[in-house]
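Chemist: Annotations for this protein, taken from TrEMBL, read as follows:
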- 345-430: domain 'Gfo/Idh/MocA-like oxidoreductase N-terminal' (DOMAIN)
- 443-560: domain 'GFO/IDH/MocA-like oxidoreductase' (DOMAIN)
- 569-588: region 'Disordered' (REGION)
Amino acid sequence: MRFNRPSDTFPRSVVPFDKVEEYGVLANRVVDDTLRHYAYHKSKGRRNSIVDESQWKLFKATKDFAVYKQRYAAKENCNILQTLAGEDLVISKNKCPMLLGIGSVDGRLDDMLYGAVVENTRDLRIRMSYTEDDVEDAQILQVLASPTADNPFSCGSVIWVVNGSSPIPFMKKRDVVQLHFVGTRQLANGERIGFSIWHSVDIRNAPSLYNNNDLVRAKSSFCVIWRQATENTIDVYHRGFVAYMGNAPEFTSTTVGVQATFAAQNIIHAAYAKKFFRYIETLPHFMNRSSTRSSESIPTECSGGCCSNVTLKFGVCIVCRKPVCHQCKFLKRIIFDIRVESACASRSQQRSEAFAKQHQIAKWYDSYDKLCEDPEVDIVYIGTIHPRHIDQIKSAIKNKRHILVEKPMTINKSQALEVKSLVDQSNCFFLEGMWSRFFPATRYVCHLLEEGAIGQVQFVTTCIGYAFSSDAQRIWDRSMGGGGLLDIGIYGLQYVTMAFGVDAKIEKIVASGKLTDGGVDAYGSITIHYEGNRFGTVQYSCFARLNERVSIVGTEGVIEIHPEGHIPTKVTLSRNKPDPTDGSTKSTKEFLLPTDDASKYEFEGSTGFKYEIEAVNDYLRQKKRETTEFSWKDSVLLQDIMDQVRHQLGVVYPEEEK
């Protein structure tokens, strides 16, 4: 499911942060409009399988579900599409009739909603595979709302979809950009219903691809209402239209719309498959792919109860691992999620094997070189101590592997430039893992800076500190690249360079601090003086836990990132003058961390690594070699600043003494 398109087709954020809530309001208007039609339909006393045949003509039907198209009283070739500004006419060269799907589906409402919820592009594509949507490509351009513990059956995003086979040979392909929301409502009578919408939107950052890809941008709007009719039956009311645009005849819009309507009824199958996969994933033998029947005693009878002799030929149930004959088997298509962890390595075979078993990783090595040589490895994550990074990076580059390396990428600027030269020659993707840059909160801060919300940045102050124990060897051992600057001070520095920009001219850097007897920096204070009487300060400590707040002061306001700054989830914007849109001078936005089992992680906020990992995946898919959030310019500038700070503090690593 991939359409061949330029790597920079869409930006990473297509909806400005200040417009996200407006798109949520638009989605609610679409649902409200559909509920009015649904209420009218029910008010006529019609069962869910009965329609007014003077208004609707049957187009296609199965046993429990039928799709009708609206009859025309006159020559009409337009429909009304809800927009941010109100309502707009969708005018096409040929008719695009309204469609109505009504009927029922076996199942429970919560299961239907569970199948409908998607949180990322992978989930969207897997669901479309289950529902058998006729699409060539699909991508979530931006997540607008995510499920929560209190409301697990809700989500919202902007999606881009390219249709698959055209109803007419040699017709240009169509794509759509849509709002896709899933949620629940409580009706006036107290009844709970579920809904899902697919609604076309015009977004400046997601323009038509006609000139570059010969894609015609279609329009569509559908909303489906689900209601629990009986204990195991869901009533379905599905209303909307497709305008195929261009010179497409009416039956093309109708056919594509009917296909989409029927496909949506298969969401319940996606739910069951998701639940079934979650279950079998917990089975010990499921994750141990090496287990075989040869190690087990072979029964002679089918476990299905038919008493067939299965000694010679039989299958094995993926759940119970018992034999089953051809008559008793039940086939269910399950799409397996591809795991990121394919192999791991350590200098110790014992530690490597233990880590692999703990995290259910298929392969493990006692050498980093062996890991990089594995032909099944596409990208390596390097999370060892700082001085070892460069050799492991070189090994990965030698084997043409993409690289995500923990910050700092190297111990000094000289090594960083050497790595850059090697990466440039290899054509591999490379990212220094400054994970804070990929959090939604940080992206929001960058958005505010780009739009000039606080004017010109004048002053930035940050601090970060932890009371590291005396046995934290990586902090206190100079041979391990120890010291607070490279481990935690770098977080503060990257906020300063982010706020002022990597191209801003630095006039001088002044640093002070204290070294341990072992020659590493225990704490420090850094002031970076920029051209134009602007400056930034960074304080860090390995002795005390500091209130990790980031303040960015501009000529027209202040942006504050609340603690913990390197795990940003809360941002406050204070303006010197009232916001022209709502008159406010202060606003705060919170961004919840992804939810997951905390026991799987060692450090606080580690679920936030999801943002960095998803970004890497997106850039690899787009065949880009660096990220815009944290580029080579960012990495080299930070190494340069840290070299100057270490020189003033007197921190020299063994590799630099050679």
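Even glycines carry a Cβ here, placed using N, Cα and C.
These figures come from a predicted structure and were not determined experimentally.
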Chemist: Please list the DSSP helix, strand and coil residue counts for the domain 'GFO/IDH/MocA-like oxidoreductase' (443-560).
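Modeler: Counting residues per DSSP class in the domain 'GFO/IDH/MocA-like oxidoreductase' (443-560), I get 32 helix, 46 strand, 40 coil.
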Chemist: What is the average pLDDT across the domain 'Gfo/Idh/MocA-like oxidoreductase N-terminal' (345-430)?
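Modeler: Here the mean pLDDT over the domain 'Gfo/Idh/MocA-like oxidoreductase N-terminal' (345-430) amounts to 93.
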Chemist: For the domain 'Gfo/Idh/MocA-like oxidoreductase N-terminal' (345-430), jot down how many residues DSSP puts in helix, in strand and in coil.
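Modeler: Helix, strand, coil within the domain 'Gfo/Idh/MocA-like oxidoreductase N-terminal' (345-430): 43 helix, 14 strand, 29 coil.
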